[in-house]
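Enquirer: Per TrEMBL, the features are:
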type	residues	note
COMPBIAS	1-11	compositional bias 'Basic and acidic residues'
COMPBIAS	12-24	compositional bias 'Acidic residues'
COMPBIAS	161-220	compositional bias 'Basic and acidic residues'
DOMAIN	27-162	domain 'RanBD1'
REGION	1-30	region 'Disordered'
REGION	158-220	region 'Disordered'
Amino acid sequence: MASKEPEHEQREDEEAPAAEDEDTGAQVAPIVKLEEIAVSTGEENEDPILDLKSKLYRFDKEGNQWKERGAGTVKLLKHKDTGKVRLVMRQSKTLKICANHLVLPTMTVQEHAGNDKSCLWHARDFADGELKDELFCIRFASVENCKTFMEVFQEVAESQNSKEENKDASDAAESLEKLSVEEKKAKVKSGEEKAVATEEEKETEKADAEKKDGEAASST
């Protein structure tokens, strides 16, 4: 009778362990090479005065109703060279421009009746690529943010008015200065002409006297 062999002895030919993957040192270049692109926001030459999260609405005259423009961040940006301030708002997800207009001295912002977190103002807006007369309503998360926006907006509008007045005063002063300089030049020129005329009269009188003296000497 044949004896039964133990199980560990039944298979003499076991598979050898798989060899580890060898590092060939080969480098695979990416199929597409992406280059870093500088994105311009158009705000590089401006300093932010105000930056608040809000939701913006515009009044649709045809439908006689308010329509949402988007939720995002409203900014007041002051240009470093000209000092002009514009209001810009972009949607938070798409960064699409909701509002884009200058803050002018003729603008006023008013609190929305019945909602102390909202306020209204009129503007000539350029968000859609062309100037449009718009009535905006903006809503904030808190009453404090709404008050801050209204105060800063009004201060900016008044400061722009002062700048316009100063510019007009400077232009007027410059015009007066030019006028006074021109008058001074005219007086100097007139004085020079008078001096020349006087010299010519003296020369004429001298010539007449010499002529008379010559005639008298010849008669003797």
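Backbone N, Cα and C define each Cβ position, glycine as well.
Annotations in TrEMBL come from automatic prediction, not curation.
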Enquirer: Please list, for the domain 'RanBD1' (27-162), how many residues fall into helix, strand and coil according to DSSP.
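Expert: Final tally across the stretch: 20 helix, 61 strand, 55 coil.
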Enquirer: Mind looking up the mean pLDDT for the domain 'RanBD1' (27-162) in the predicted model?
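Expert: The answer is 92, the mean pLDDT of the model over that range.
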